[in-house]
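Colleague: Below are the structure tokens for one structure; questions will follow.
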Amino acid sequence: MTNIRKSHPLMKIVNNAFIDLPAPPNISSWWNFGSLLGVCLILQILTGLFLAMHYTPDTTTAFSSVTHICRDVNYGWIIRYMHANGASMFFICLYMHVGRGLYYGSYTFLETWNIGVILLLTVMATAFMGYVLPWGQMSFWGATVITNLLSAIPYIGTNLVEWIWGGFSVDKATLTRFFAFHFILPFIIMAIAMVHLLFLHETGSNNPTGISSDVDKIPFHPYYTIKDILGALLLILALMLLVLFAPDLLGDPDNYTPANPLNTPPHIKPEWYFLFAYAILRSIPNKLGGVLALAFSILILALIPLLHTSKQRSMMFRPLSQCLFWILMADLLTLTWIGGQPVEHPYITIGQLASIMYFLLILVLMPTAGTVENKLLKW
């Protein structure tokens with residue numbers, strides 16, 4: 001008799017995806033972030049669900065409902081901080097996952113990569129809307145500033161912004177719809193993630209060398225299941241250290257002040273994981289130019305496969321490209337730092353230089369390095 005694992009219509013899907021899946025024998029810990037993102041998503045959905053049971057999406061009660069969760073609901077404080085810091089862990093894993101894809105040339109799996117870009121944008125939208133829900137000062141002003149950017153779109157901009165707001169300013173209607181979207185999007189993300197996996201399993205995983213591993217595969221279980229469980233335990237350890245010892249480390253103190261449309265905070269800034277894009281936005285004096293640069297800074301990922309000039313897939317054996325890759329990482333850290341600084345000298349200039357470097361590295365220097373390396377290897 002055939003094993004039920006391999007014959008049952010539902011179980012064979014799970015079997016082919018997580019148990020008998022042929023996997024490369026040499027994938028490093030950089031390949032753990034995919035499963036960690038799955039863990040993050042499940043954690044966020046569960047904690048979010050319990051928060052939604054006590055939260056009220058109304059301008060008059062939103063802030064106090066979050067206070068009520070932290071003070072009066074059993075273990076409400078830990079659920080709230082796991083959800084807030086879980087978002088930070090989610091983005092750490094996301095950026096590591098994308099960085100891995102860039103370094104090892106995983107973007108040559110076009111469908112998988114493009115769906116990944118869509119996932120990144122959806123997660124960013126979800127996180128932004130979630131940040132508005134506690135209805136603190138930074139929630140309100142963050143929502144006002146970011147939605148207002150759409151008014152830079154010619155002709156339809158103002159109408160578009162008022163349509164998103166549901167009025168003439170960020171108000172009750174905005175909060176209600178943001179809560180509705182913030183609730184539904186994680187489930188949509190889960191569905192897109194399944195399509196992401198489906199396309200990945202059409203080709204099989206890449207590996208650090210960038211060379212096909214079809215001649216030498218090992219089963220996913222037990223080798224990578226145990227590796228993923230270890231990764232998940234380390235992720236949860238890091239999250240709980242953050243939640244239990246420094247829950248407000250990555251947050252903004254301004255968000256402990258209830259939203260007040262009559263009082264603008266001195267420095268409006270998003271959560272740390274959006275600071276690099278915010279720095280690029282601020283470094284261009286023109287509003288429409290800034291919005292376009294902001295959009296392109298993320299959408300540029302979709303162009304990466306077209307900018308690949310090397311005859312080798314991975315950067316493992318390409319020292320010149322490696323060097324530029326790590327300069328790009330340093331540049332992104334610089335942008336993240338600048339995004340959190342006030343708009344004054346010398347930060348403005350540093351931000352502009354870092355923004356120019358970001359686009360120059362991706363669009364010009366890295367493709368050139370690929371061509372140069374081909375020439376050096378007489379290819």
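Along the chain as shown, residues are numbered 1 onward.
Placement of Cβ uses the backbone N, Cα and C atoms for every residue, glycine included.
Sharing the features that Swiss-Prot gives for it:
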{"type": "TRANSMEM", "residues": "33-53", "note": "transmembrane segment"}
{"type": "TRANSMEM", "residues": "77-98", "note": "transmembrane segment"}
{"type": "BINDING", "residues": "His83, His182", "note": "heme b b562 binding site"}
{"type": "BINDING", "residues": "His97, His196", "note": "heme b b566 binding site"}
{"type": "TRANSMEM", "residues": "113-133", "note": "transmembrane segment"}
{"type": "TRANSMEM", "residues": "178-198", "note": "transmembrane segment"}
{"type": "BINDING", "residues": "His201", "note": "ubiquinone binding site"}
{"type": "TRANSMEM", "residues": "226-246", "note": "transmembrane segment"}
{"type": "TRANSMEM", "residues": "288-308", "note": "transmembrane segment"}
{"type": "TRANSMEM", "residues": "320-340", "note": "transmembrane segment"}
{"type": "TRANSMEM", "residues": "347-367", "note": "transmembrane segment"}
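Could you tell me the structural context for the features on the list?
Modeller: Residues 30, 33-34, 36-37, 40-41, 43-44, 47-48, 50-51, 66, 69-71, 116, 120, 123, 127, 130, 235, 238-240, 242-244, 247, 250-251, 271-273, 301 of the same chain lie 6 or more positions beyond the ends of the transmembrane segment (77-98) yet place their CB under 8 Å from a CB of it.
Following the DSSP three-state reduction, the secondary structure of His182 (heme b b562 binding site) is helix. Residue environment of His182 (heme b b562 binding site) contains 21 other Cβ atoms, counted within 10 Å of its Cβ in all protein chains.
Neighbour density for His196 (heme b b566 binding site): within 10 A of its CB lie 21 other CB atoms from the protein chains shown. In the three-state DSSP assignment, the secondary structure recorded for His196 (heme b b566 binding site) is helix.
Taking the Cβ of His201 (ubiquinone binding site) as reference, residues of its chain lying under 8 Å away and at least six apart in sequence are, in sequence order, Asn16, Ala17, Leu21. Under the three-state DSSP scheme, His201 (ubiquinone binding site) falls in the helix class.
Here the transmembrane segment (226-246) has long-range neighbours at 29, 32, 35-36, 39-40, 43, 78, 81-82, 85-86, 88-89, 93, meaning same-chain residues at least 6 beyond its ends whose C-beta is under 8 angstroms from one of its own.
Cβ atoms under 8 Å from those of the transmembrane segment (347-367) belong to residues 279-280, 282-284, 293, 296-297, 300, 303-304, 307-309, 321, 324-325, 327-328, 331-332, 334-335, 338-339, 341 of the same chain, restricted to positions at least 6 beyond its ends.
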Colleague: Should the transmembrane segment (178-198) and the transmembrane segment (288-308) be scored as in contact, given a threshold of at least 3 Cβ pairs under 8 Å and pairs 6 or more apart?
Modeller: no
Colleague: Taking the Cα atoms as reference points, how far is His182 (heme b b562 binding site) from His97 (heme b b566 binding site) in Å?
Modeller: 23
Colleague: Which chain-mates of His97 (heme b b566 binding site) that are at least 6 residues away have a CB under 8 A from its CB, listed by sequence?
Modeller: Phe33, Gly34, Leu37, Gly116
Colleague: Using C-alpha atoms only, work out the spacing between His196 (heme b b566 binding site) and His83 (heme b b562 binding site) and round it to an integer in Å.
Modeller: 24
Colleague: Which bits of the chain, at least 6 residues beyond where the transmembrane segment (288-308) starts or stops, bring a Cβ under 8 A of a Cβ in it?
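Modeller: Sequence-remote neighbours of the transmembrane segment (288-308) are 98, 102, 105, 107-108, 110, 113-114, 117, 120-121, 124, 149-150, 152-154, 276-278, 280-282, 355, 358-359, 362-363, 366-367, 370.
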Colleague: Name the secondary structure element type, per DSSP in three states, that contains His97 (heme b b566 binding site).
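Modeller: Assignment for His97 (heme b b566 binding site) reads helix.
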